[in-house]
Amino acid sequence: MTVPAPIVAPSILAADFARLADEVHAVESTADWLHVDVMDNHFVPNLTIGLPVVQSLLAVTTLPFDVHLMIEDPRRWAPSYADAGAYNVTFHAEACDNPVSLAKDLRSAGAKAGLAIDRDTPIEPYLDLLPSFDTLLIMTIKAGFGGQRFIPELLDKVRTARQHADAGHLELRIEVDGGIAADTIEQAAVAGADAFVAGTAVYAAADPAAAVTQLRRLAERAVPPT
Ligand code: DX5
Ligand code: ZN
């Protein structure tokens with residue numbers, strides 16, 4: 001089996017929102033994707049940014065956007081992010097009653113389709129849906145806020161998803177989000193994740209670009225790409 005090189009996606013949730021373009025440029029040389037957390041104060045209690053800000057940011061960088069929608073009614077909004085040029089659009093399983101149909105729409109709009117699984121949601125009911133998706137985002141915290149402590153027990157879901165994806169030869173990135181840092185990324189990689197979101201670990205670092213490189217090295221060391 002071939003193991004792809006790991007993806008590191010800095011989350012701008014931990015950046016200085018008054019200087020967003022500069023904060024994006026600060027990771028441009030080393031990041032694989034830019035992770036953008038859209039929160040609507042309904043699906044999660046927090047409120048962040050929406051489509052106009054994402055459109056403005058898309059115009060200032062060539063980084064692929066990994067949009068993580070923590071919103072109710074993703075069917076209403078998700079396709080617009082794909083139309084705007086996001087590389088990957090992820091919506092939450094808990095917020096959508098027909099995930100496969102929305103995934104299809106995202107793909108026909110030219111984006112990758114992602115399914116997110118929050119802390120308290122089991123993975124098993126969604127395994128059969130995975131062929132319709134390009135990314136599976138497994139929360140390693142409760143969605144809603146940055147800077148929370150990583151919950152290692154949630155890696156069981158990553159192991160289950162990895163076994164399922166490998167057995168079915170699925171082309172699927174398994175992404176982890178929440179509390180990913182130098183002291184947690186290796187166990188997530190060993191569990192089977194191959195895309196890593198990091199907010200605090202990147203933007204609280206003195207050198208955000210170097211922090212991305214260090215995280216990628218740790219993931220590669222834990223599971224060498226082949
Ligand atoms: C939280 C967001 C995460 C957040 C992660 O719900 O989905 O992307 O930015 O932040 P850290 O890396 O600080 O846990
Ligand atoms: Zn996120």
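Just so you know, glycine gets a Cβ as well, placed from its N, Cα and C.
According to TrEMBL:
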ACT_SITE  D37  active site, proton acceptor
ACT_SITE  D177  active site, proton donor
BINDING   S11, H68, G144, F145, G146, G147, D177, G178, G179  substrate binding site
BINDING   H35, D37, H68, D177  divalent metal cation binding site
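All protein chains shown were included, and the count of other CB atoms within 10 Å of the CB of G144 (substrate binding site) stands at 18.
Sequence-distant contacts of D177 (active site, proton donor), defined by Cβ-Cβ distance under 8 angstroms and a gap of at least six in the same chain, are S11, H35, H68, A116, L137, I138, M139, T140, I141, A143, V197.
Proximity of the recorded positions D37, G144, G146, G179 to ligand 2, judged by a Cβ distance under 6 angstroms to any of its atoms, singles out D37 in sequence order. Residues S11, H68, G144, F145, G146, G147, D177, G178, G179, recorded as contacting substrate, have a largest CA-CA distance of 16 Å. Sequence-distant neighbours of the residue listed as 'active site, proton acceptor' (same chain, six or more apart, CB under 8 Å from its CB) are S11, I12, L13, T48, H68, M70, G146, listed in sequence order. A count of other CB atoms within 10 A of each Cβ picks out G179 as the most crowded of the binding-site residues G146, G179.
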